[in-house]
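Summarising the annotation, Swiss-Prot assigns S-adenosyl-L-methionine binding site to Gly36, Gly37, His38, Asp55, Tyr82, Asp103, Gln110 and lists experimental evidence as the type of evidence. Taken from Swiss-Prot, the feature compositional bias 'Basic and acidic residues' covers 269-282, 289-299. Annotated region 'Disordered' per Swiss-Prot: 269-299, in sequence order.
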Amino acid sequence: MRKYSQRHIPVMVREVIEFLKPEDEKIILDCTVGEGGHSRAILEHCPGCRIIGIDVDSEVLRIAEEKLKEFSDRVSLFKVSYREADFLLKTLGIEKVDGILMDLGVSTYQLKGENRGFTFEREEPLDMRMDLESEVTAQKVLNELPEEELARIIFEYGEEKRFARRIARKIVENRPLNTTLDLVKAVREALPSYEIRRRKRHFATKTFQAIRIYVNRELENLKEFLKKAEDLLNPGGRIVVISFHSLEDRIVKETFRNSKKLRILTEKPVRPSEEEIRENPRARSGRLRAAERIEEGGD
């Protein structure tokens, strides 16, 4: 496992437990178990519930296993994409669960651990894979895709509305790109100096987000899973999703709104408290939405 020393702080734990309402004898599916922070909080809050935790990142799963070892009789961890959660449950002989949790985005380990390529703060290989067994890396995408396709990805997935074409052009001009700082350099060269000064966040944030989403098929996977999530829940079971940018939040909002089997519990997304943001700045962009599976034949 790569070197890593920073503690992961799960986001909006109080709100997750409030909306998920875990109870004894109930089964919770943690679709993005990550380093195990939310699962641990749920298990501590509910001494009789059980967690099935899944993640595509084998490295964070090892961290979760260590963090949750005292609950080993009530937690089962699997290296599986949440889009395949229905097949996993079937394999385990579980027809439905009582709660589903999704904490989308990048974990602290993925950002701060060495050589994952998610960060623009230091030089690392251009990887960005959450599943290290996947063949598609950021380096492959940036060096092989046509300029027009790169511009589309940066425009759509990074919401880089004004400068996507300029950034894509600089990426192509700077090929081959091998490290995260190579990508930062290309973005810096593409943006006017006034735009770099104007931005509140790092000027390469949107481009890094776009490439990461594309490499990991994040939006496609989210859409695919949410379509079937309602059928994985027992009546009265709840789904709680924390997203970190508007693209994810829009998918969650529209899926909940269009479902005939879910009752929306959060008319507007719940945001973290000011106190939590002070203690954990990563929580700032978090948006939580929740819904409940209605009874069969219910309104």
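Cβ atoms are placed via backbone N, Cα and C, with glycine included.
Shown here: features listed in Swiss-Prot, placed on the structure.
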residue	record	Cβ contacts under 8 Å, 6 or more apart
Gly36	S-adenosyl-L-methionine binding site	Gly53, Ile63, Ala64, Glu65, Lys67, Leu68
Gly37	S-adenosyl-L-methionine binding site	His8, Ile9, Pro10, Val13, Lys67
His38	S-adenosyl-L-methionine binding site	Pro10, Val13, Val16, Asp30, Leu101, Asp103
Asp55	S-adenosyl-L-methionine binding site	Thr32, Val33, Gly34, Leu61, Ala64, Leu77, Lys79, Val80
Tyr82	S-adenosyl-L-methionine binding site	Cys31, Thr32, Ile54, Met102, Asn221, Phe225
Gln110	S-adenosyl-L-methionine binding site	Asp57, Val60, Arg116, Phe118, Met130
Residue numbers, six or more beyond the limits of the region 'Disordered' (269-299), whose CB comes under 8 Å of its CB atoms: 9, 11-12, 15-16, 19-20, 108, 230, 233-245, 249, 252-253, 256, 259, 261-263
Distance in Å spanning the most remote Cα pair of Gly36, Gly37, His38, Asp55, Tyr82, Asp103, Gln110, given for S-adenosyl-L-methionine: 18
The compositional bias 'Basic and acidic residues' (269-282) - residue tally per DSSP class, helix then strand then coil: 8 helix, 1 strand, 5 coil
Secondary structure of Gln110 (S-adenosyl-L-methionine binding site) (DSSP, helix/strand/coil): helix
